[in-house]
């Protein structure tokens, strides 16, 4: 098991040349039964997330076939991209992490070249950054659709929406490949079941950690700004006595879903992103001499990653629960009203 694994190929005054040795593996055997590292904990998270995203994907595909609204169709494309990303993220990471918890294989023996570790680290970064960027993209699309409805003759097409999703995936892929290209490292993390970026005071590691964290924070803040302005605009239309007929149920529905996605992303991701920035900046005075993460830092990083996992589990339920078909059953007074655009020549 990973308790037998020893850090190796570490230089006395420089960084380690491998993906091992960032945490003290010898302590892992004593804490392996802790609930946070339990195999059933990871298995339950993975199964719930996969089933939730599969259910949401089926609902999305069913809804997209019945829509005539182009704006709503493009929004569903972004939602579909988000659900597919969350589903694949859980599937890829769980396919490595869950078997480890049950088999307890030795990483140093199974993956001496760190290829599996690099793949898992890339997956963590790629599938972690994508939802944040997609949330900001969706918020930006709704911002222009609500606040500047006449700046475009029509809403973006499904093909263009999928192209934007593809660009987000491509950008996140490029970000995840940076350690493979030489900027930063992916290293094995406590309790030895997953790989992630390295929170050590090496220049490349610090730059990559800050890039990842600041980009995530920027995406969340951008979503907050766009969504806040869009909600204010909808509230003004909703409370305008002379414009009661302008209530846009479809736009309100999309904004409720977007705000829900933003709130979940903020709660789940911001603690980890802030923790990454604080950790690497506090360790800078070490000048690259620190070769192993403190035990408390290792455990806190694992807890924050567990919080991030909830983002992939809760995202699909935002769409499943906050649809008009569901809301109208709870509040029968909610009835379809004409779109704002239909009231203008």
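Keep in mind that glycine also has a Cβ here, set from the backbone N, Cα and C atoms.
Remember, predicted model here, so these are calculated numbers, not experimental data.
Per TrEMBL, the stretch carrying the note transmembrane segment among 301-322, 323-344 is 301-322. The transmembrane segment (204-237) shares the most Cβ pairs under 8 Å with 258-281, out of the stretches 40-63, 75-100, 120-140, 258-281, 301-322. The stretch with the most CB contacts under 8 Å to the transmembrane segment (301-322), chosen from 40-63, 120-140, 161-184, is 40-63. The average pLDDT for the domain 'G-protein coupled receptors family 1 profile' (52-319) in the predicted structure is 86. Under 8 Å from some Cβ of the transmembrane segment (258-281) lie the Cβ atoms of residues 82, 128, 131-132, 135, 138-139, 142, 197, 199-201, 205-206, 209-210, 212-214, 216-217, 220, 223-224, 227, 230-231, 297, 300-301, 304-305, 307-311, 314-315, 318, 322, all in the same chain and six or more residues away from its ends.
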